Amino acid sequence: MKKIEFELHYQAQKALHACIDKANRYFQRQFPMPLLSYQLRGKAAGKAYLQLNQIRLNPILFKENKTAFLEEVIPHEVAHLLTYQLYGRVKPHGAEWQSIMQGVFLLPANTTHQFAVASVQGKTFQYRCQCREFPLTIRRHNKVLRNEASYTCQKCRQTLIFTGIQLS
């Protein structure tokens, strides 16, 4: 277990088992229990690794949003694994996934979270064009510095230029 307290891990395991039990009853078959990991960084709350039958959760966002993770994020990621096991490769938030979210877990098929991400958000850098300013992530900023990418304003079509200002 990485960066997570035992009690929180226990609650996550309980939620995971409850989801698989619901799916087993609903589909009248036995699904393998997914592996739970806390090795996810950035702004994503969770991610399902389909071939590995693994769910990775963002430990920082989990600590800050315990109830939502247990009631929404874990079922969301389990639904991805179930969709893959039942239907193979289909659209990530397509009709099959939505039917599992709504039919099995009785949850809305939301595709994104609304968590505050200030604690996990990386550094941003200010870029500008003729008409406005843009915050670029550190990943995009580094690509510009290494001459691997350039970014263009969709409005004025000018290449964005670094202002020299780090925003966060």
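Every residue, even glycine, has its Cβ placed from backbone N, Cα and C.
Sequence annotations record features per position, and here Swiss-Prot assigns domain 'SprT-like' to 18-161.
In sequence order, A48, L50, P92, W97 are the residues near H80 (Zn(2+) binding site), counting only same-chain partners six or more apart with C-beta under 8 A. Look at Swiss-Prot and you will find H76, H80 tagged as Zn(2+) binding site, backed by sequence analysis.
Residues or ranges marked as active site in Swiss-Prot (evidence: sequence analysis): E77. For E77 (active site), the same-chain residues lying six or more positions away in sequence with a CB closer than 8 A to its CB are G46, K47, A48, I55, L57.
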